[in-house]
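Student: Sending over a structure as structure tokens; questions will come in a sec.
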């Protein structure tokens, strides 16, 4: 027979199995490959998702580690801010275009190099103002730029047409189809300057960009595509001005770069220019708009600079989070991008970045798993830590020196995942070895088998027959005893006091005598300055007669657990920020005090405008204010007192004393609380003046329990904040009735609208000449199912105050519209007047409601609906009211000015209101026969109406002689009980039918 071939297995012989060493090594390799695969999958899917935010946070961290950078000085960029001081100086209004023109002229005269208006101006701002700004833009001298927007979230089109903007687009642009589609933002609309400004502006650039998933703007888009043209950013154009470059030479290569003479801007595959942020807000030199406008800034601070003009006033500016600031103004971001381009410090992604990142995600997990597989934990940790620090240091050096960045998050994730996986695998192997050792120990020693059943910590074994006790080394360490000292069960009681010793011995005896299934007792004692708590557990074995023969168990250190439990209990009843009692603990203590029957008062301090302070100064300062207030309230006359924090900005304390005749306790505790804010608070080295309102209540005011007493104080505080802010207000039982009524109205007005409890009543409008019916005024009425007819004066004022009048006003408009359509079908061709509330102008969407009315009219003439506004309401904000009324008039509605002559003097603005009717207030009608004054006033109003070719309507006509005199004075229309009261729909319809039969409609 021939010999078997070399390497072939002999028949009947099994192939060799992998050695035990090979199997763990394969496990480590598998862990490394899984970690690398996970990181690569997440890395490849990160674009446009939350995973990208993880990646970009490392970029933010690199900037923060690098620290702030100073802006360039060769071609310095500065900001002109339309700030709160500017708005205050201009009477609360933003600067108009004439002021922009004046500002540009001042900057040009001072020798500024360029100015850019970071302000969208798609709508005309007035012919004269637009001409002034256009002239300033066309003036020779420094470069001027204005902004356009290319939004990707709106298809809005505004401003100049595309043809007017072609000279501002790239003249050299190359974009393959794939590269063009890969641009990070694809605009859907164009918001350009007005044609006049677009024609005049030497430079127009877009200021649009796309926020990341976390709201940040980490990159700029030097070119955006719109209808066949590529438009540059304003930042790029300003950089060209700084470097004196010819715009016709600029070239855009999609997904590659912008090449413009010496200005070379590398772009990534999505045509993004990454922004290198310099620092917090106002890192660039910033001047107030009003100071520049008024010539208060020296010329040497303006000469040679590139200025960006934008808004930073509260509520007017856009802001973005940056690595250094949670709210960086948009114009400062534009300045940063511009300076990046001028100084060449814009960030760039290495062309080899994907390969480097992929290699790191493959090699780092292999290195981590290999180190943990072959070295000790300490050595592996040191080597891997050094490797990680070396790679991070190299990446940070490249970032600072060359402005290049890599994705550090996912290589780091791959390495950390591999370390965790390898550590778990290593721990699993060690656990298996330990379990094998324990199993061997169980096989060799019976007493350790019993101890292992009892516990896993310190072990003890007591042979009752021999009188011997064995304690493990862990047990000795926990109890702080030497083996020579621990011979009997008395070793458990060595650190205990007499009471604790007796409790342990009783628990042990109960178990030995069969009164407990298991010994379970906590030993508590002090060890130096530290409190210790050790849990003793054990179980006895018994002979056939039930007599214990052996007992074994464990000793577990639960000191940290008890401390944590105590901390949790404390945190559940205390405010973490100030350490004061919280609402739950305060109520518990208040109930205990109330139960004693002693005279008792509760004082609440609410900080005024604390939310605004938090937003303006930051939560760190706000937290400091709260702690400072807590300290002041906690000490009185050198004595500490119990204070609680009931809410974000509300503190509470109690006093046990009767009220004096002056209305407070003898120590005047409410006044004392209020006085604690008289002196400024010192927070983080700053002096802050904080105001507060105090509300308080006393047991003598009538509350029946602690909850009612606290509720009374809270009501006093709420009323104080709404009516007497900054003062001390005591609870008044009468306020409860008012508050109950107001609460009932608040709850039931909305329910009434939902349930259809409101009705429209209609009061006739009659032509005085022949008493023909011209129409009706719609008046709302409330028919409550329980309270019956509720007068308008009982619910409309509150609805106005609470804002519920907005929903009520909308419902009224729709109900009247439907009623007019129904009556029109029956032959009624008159009009219906409807009252509008001032809050519909300021809080509701009145224009949307008006459009809904037009749709519901289904072709009926909107002139048949007359919208009434009172003179006082119109004059509260005449410009805004005039603008709104003009829009409503353009829609076709009639406008009526109600209660004319009783409010503000509105003659100066009357020509701005597109009204059809002036309503003469009933107060003048009632006094017509009481003297000449009222007659002359009415005659004057009628003369004014005739001069304006409008109608006059007199309301409150109750007597025939009033109607006759009004007709003689020239009043066209009358309204009042003489012609009919406000009628429900059915009765109004009967009046219409009667007038139709008589031919008087």
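Every residue number used here counts from 1 along the chain in the order it is shown.
Any Cβ shown, glycine's included, is placed from N, Cα and C.
The shown structure was predicted, so the numbers you read here are calculated from the model rather than taken from an experiment.
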Student: Any idea which of 300-319, 320-339, 380-399 is down as transmembrane segment in TrEMBL?
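Tutor: Result: 380-399 is the stretch TrEMBL calls transmembrane segment.
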Student: Pick from 1-21, 22-42: which stretch is listed in TrEMBL under region 'Disordered'?
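Tutor: The range carrying the region 'Disordered' annotation in TrEMBL is 1-21.
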Student: Would you mind telling me which of 352-373, 418-439, 440-461 TrEMBL tags as transmembrane segment?
Tutor: 352-373
Student: Restricting to the domain 'EAL' (742-996), what is the model's mean pLDDT?
Tutor: 90
Student: Where else in the chain does the transmembrane segment (27-44) make close Cβ contacts, counting only residues six or more beyond its ends and a cut-off under 8 Å?
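Tutor: Here the qualifying positions are 51, 55, 357-358, 361-362, 365-366, 368-370, 372-373, 407, 410-411, 413-415, 417-418, 421-422, 425.
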Student: Taking helix as H, G and I and strand as E and B in DSSP, count the residues of the domain 'GGDEF' (598-733) in helix, strand and coil.
Tutor: 53 helix, 38 strand, 45 coil
